[in-house]
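Q: Marked as substrate binding site by Swiss-Prot: Arg14, Arg15, Asn16, Tyr17, Lys71, Tyr128, Arg132, Ser136, Arg196, Leu197, Asn198. Residues or ranges marked as FMN binding site in Swiss-Prot (evidence: sequence analysis): 66-71, 81-82, 87-88, Gln110, 145-146, Trp190, Arg200.
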Amino acid sequence: MGAPSPDQDIAAIRRNYQRASLRRVDLDADPVEQFRRWLQQAIAADLQESTAMVLSTFDGKRPSSRTVLLKAFDKRGFVFFTNYGSRKAQDISAHPNVSLLFPWYDLERQVAIMGPAERISRAESQAYFSSRPFGSRLGVWVSQQSQVISSRQILKMKWQEMNRRFANGEVPLPEFWGGFRVVPTEFEFWQGRENRLNDRFRYRPQQDSHHAQTWRIERLAP
C-alpha cells in the first residue's frame, strides 16, 4: 500500500484496539508497582522513547504541555530534569499541580499521573547531572531555556565559549538547573479495547483502619 494522501479525510482514520484487556484482578494494589510493570513491558517491546512523558502545567491563565523524559521513580514520585528558568519550571513555582501522561501507542496503553511537583535536593540533581555525557552537561550551560534568541548561531557561539571554559572536562552543576519530583495523588491506567469500550482504572489514596495510606482502585466508564 502506498502512503496516505495528504488530502485524506482525517475523520476516517481509526484503529480498532484489540491487543489486550485490563481487569481489576490484573492490577497491583500499589500503582507505582503497576506502573513499573507496564514500563518494563514498554521497554521490553522496544518502544521508541518508552520513558517519554507529556508534562502539562498551568500558568494561571492557560495550560501548556511538552514532552520530557522520566529519569527516576519510586514511591516518593516521578522525577524529571529541566532548567529552573524554563516556562515549565516557572509554571510549577506558581502552580505546582501538574499531570504526566505516558502514551504507549504500540501497546494501546497510556498512564496518567496527577499531583504536585516539587524540587528535588541538589545532591540528587548532582548525582544525575554527573552521570550525563560531557556534551549533555555542556548543553545545560549553553541554553537559557525558553528565552527568545535571534538565530541558532547564538547557540553555536555559546557552545564554543563553554567548550573553552570547561575544556578540562569538569562541568559543574549550575544553580539554574535540576530536578522536579511529581508526587502522585492520582493514577489512571488505560488499555484500549474493541469498539472503544476501553478499560480504565483509577487509583486514589485512602487510609486503612490503621491510618496507613493505601490506594482505592475504581473502574471508570470509557
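Every residue gets a Cβ built from N, Cα and C, even glycine.
Mind mapping these onto the model and telling me what they sit next to?
A: The Cβ of Arg14 (substrate binding site) lies under 8 Å from no Cβ of any same-chain residue at least six residues away in sequence. Secondary structure at Arg14 (substrate binding site), as computed by DSSP, is coil.
For Phe81 (FMN binding site), the same-chain residues lying six or more positions away in sequence with a CB closer than 8 A to its CB are Lys71, Ser125, Tyr128, Phe129, Trp177, Gly178, Gly179, Phe180.
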Q: Within the chain of Arg66 (FMN binding site), which residues six or more apart in sequence place their C-beta under 8 angstroms from its C-beta?
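A: Within the chain, Arg66 (FMN binding site) has Cβ neighbours under 8 Å at Val54, Leu55, Lys88.
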Q: Of all the Cα pairs drawn from Arg14, Arg15, Asn16, Tyr17, Lys71, Tyr128, Arg132, Ser136, Arg196, Leu197, Asn198, the residues the record ties to substrate, which distance is largest, in Å?
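A: Max Cα-Cα spread across the substrate binders: 43 Å.
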Q: Any idea which of the binding-site residues Arg87, Arg132, Arg196 has the thinnest Cβ neighbourhood at 10 Å?
A: Arg196
Q: Among the binding-site residues Asn16, Arg132, Arg196, Asn198, whose Cα is within 10 A of the Cα of Leu70 (FMN binding site)?
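A: Taking Asn16, Arg132, Arg196, Asn198 one by one, none has a Cα falling within 10 Å of Leu70 (FMN binding site).
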Q: Would you count the other CB atoms within 10 A of the CB of Val68 (FMN binding site), including those on all shown protein chains?
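A: 16, counting other Cβ atoms within 10 Å of Val68 (FMN binding site).
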Q: At the Cα level, what's the spacing in Å between Arg196 (substrate binding site) and Arg87 (FMN binding site), rounded?
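A: Approximately 35 Å lies between the Cα of Arg196 (substrate binding site) and that of Arg87 (FMN binding site).
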